[in-house]
Amino acid sequence: MLEGLRSPASPRAAASTSVAGSSGPAACPPPSPSAPRSPESPVPRRGGVRASVPQKLAETLSSQYGLIVFVAGLLLLLAWAVHAAGVGKSDLLCFLTALMLLQLLWMLWYVGRSSAHRRLFRLKDTHAGAGWLRGSITLFAVITIILGCLKIGYFIGFSECLSATEGVFPVMHAVHTLLQVYFLWGHAKDIIQSFKTLERFGVIHSVFTNLLLWANGVLNESKHQLNEHKERLITLGFGNITTVLDDHTPQCNCTPPTLCTAISHGIYYLYPFNIEYQILASTMLYVLWKNIGRKVDSHQHQKMQFKSDGVTVGAVLGLTALAATIAVVVVYLIHIGRSKTKSESALIMFYLYAITLLMLMGAAGLAGIRIYRIEEKSLDESKNPARKLDSDLLVGTASGSWLISWGSILAILCAEDHPRYTWYNLPYSILVMVEKYIQNLFIIESIHREPEKLSEDIRTLRVVTVCNGKPVASSCLKSGGVAGDVAPRGRDMPPAAKGNVCMREGCGKEEEKQEESSWGGSPSPVRLPRFLQGNAKRKVLRNIAAFLFLCNISLWIPPAFGCRPEYDNGLEEIVFGFEPWIIVVNLAMPFSIFYRMHAAASLFEVYCNI
């Protein structure tokens, strides 16, 4: 009785006992809280708990600072959009320029400090800042710089009646874009462990600066789309809807006029790429902010490898969908607004095309989910900011199109008069919701599935327990690999622990049943069909991922370049009213557009990891 309460013979034995007791389901019960503490056992320090309080406080303070800046910027955007008295575009641009300048100073300080200490070892998050993501943001950044050059040319043409801020803003934005891309290429994976409070404020300032630049681009692009939409409504027979244009064209002549017209039209075709750049930059910076002071997990992210073999079917179907999308968009933009008959035929064509594509995408997603469900495998639940943000963005941005779809369904059900093309809108709206629901399930399960090698290691895991008393179960070593791993440890153990190693392994039928029940498995697990085993399963999943990747790019093109039936069919505006429905579409459409690009990026990662 006294031997059970006695402390081990040496500190080494005490350490062995504590380690073994925490490594799995122990055969011996843990000591009660009322048991006397050994003199050698360490006393928990309160300083470790208190040290995390200032970090949490700094995170809360920095996030509130970012929200205050973001709300102030949104109010300025709203004031300019509704022509508030005393608030002009120059005030908004001055505010955005000041935010970019402050971010530039912080990035220069961070890059300079990192260069001065480049020989020091720095922790990295292997999930953040993937190569394909940095390549995408570089492409969008190049187009954003071209957009800035067009804005500079626009300012030069209308220099007589534009304020100097409209010339300074595109120059500052181009410089900001160049340095930010350089910063993200070199430091997106950093896990900052020094100057953490200051860095939190700097990174969160960068996040909300990019979000405000994104909102500014969305507002400018939405105003242009709204003006075109108002001009088309008359051709569809909705004369009772106001067509007063909300145009901010300068009240002076541009020289030369032909060049100015080309520049003004070209600017709006580049806005979708600028919008994608700003939101991608803000998400990468947000991951950097979440990683400040984080402890790195021991599990390392597998390096993605792009393989193009065995995906002919998915690539051909996806490229066919992409070519059909471009053709549909061109025909739609040519016919919409020309006459009532041509507009209705363009809407019907778009709905038929979209219904077919969404049905194929939903079927492909269901096939992929079915393959995953047949092969039961645990998911990787490691807490990583980049992976969690991917899942949250998929679900959050999908809600934008769900809002529009529900509005269209209610309008169709409640409308008194139903033009012929509106009945195609009903299955289209339903399929938009169902397809995104299925696709989100497929992507999230694909991203969170454990690698093949990790699952095999889990199956061969054996629990080793060191006890002070008698062994509970006899030692059964059937696997040579496991025995070899355990034998050296037994030789290094202290005398007090030798001979008391209890290894649980499936030796008898009773132990096999207990092991199966503990892992939640069944005696006869369902296996994949023969034609889906091994490399064949990977090829099928790669074809599905490649097809969905190209289809999401295809569905990103129509709304990004002006093909928006939610604007042009006119039925929802009669039921809900012109201004309420336009507000809903302008708020939800940017999230719907971003969803397609983010889903394509996630599917590319899925393809490389299969």
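Cβ atoms here come from the backbone N, Cα and C positions, even for glycine.
TrEMBL lists 1-26 with the feature compositional bias 'Low complexity'. The region 'Disordered' annotation in TrEMBL covers 1-51. The annotation compositional bias 'Pro residues' is assigned in TrEMBL to 27-42. TrEMBL lists 65-86, 92-111, 132-156, 168-185, 197-215, 268-289, 310-334, 346-372, 540-562, 574-595 with the feature transmembrane segment.
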Legend entry - Same-chain residue ranges lying at least 6 outside the transmembrane segment (540-562) that approach it to Cβ under 8 Å: 225, 228, 269, 272, 307, 310-311, 313-315, 317-319, 321-322, 324-326, 328-329, 332-333, 350, 354, 357, 360-361, 364-365, 367-368, 371, 439, 442, 446, 532, 589, 592-593, 596-597, 599-600, 603-604, 606-607, 610
Legend entry - Contact call for the transmembrane segment (168-185) and the transmembrane segment (92-111): at least 3 Cβ pairs under 8 Å, seq gap 6+: yes
Inset, instruction - Please work out which recorded stretch in 65-86, 197-215, 268-289, 346-372, 574-595 has the most C-beta pairs separated by under 8 angstroms from the transmembrane segment (132-156)? - result: 268-289
Inset, instruction - Count the CB pairs under 8 A between the transmembrane segment (574-595) and each of 65-86, 92-111, 197-215, 268-289, then give me the winner. - result: 268-289
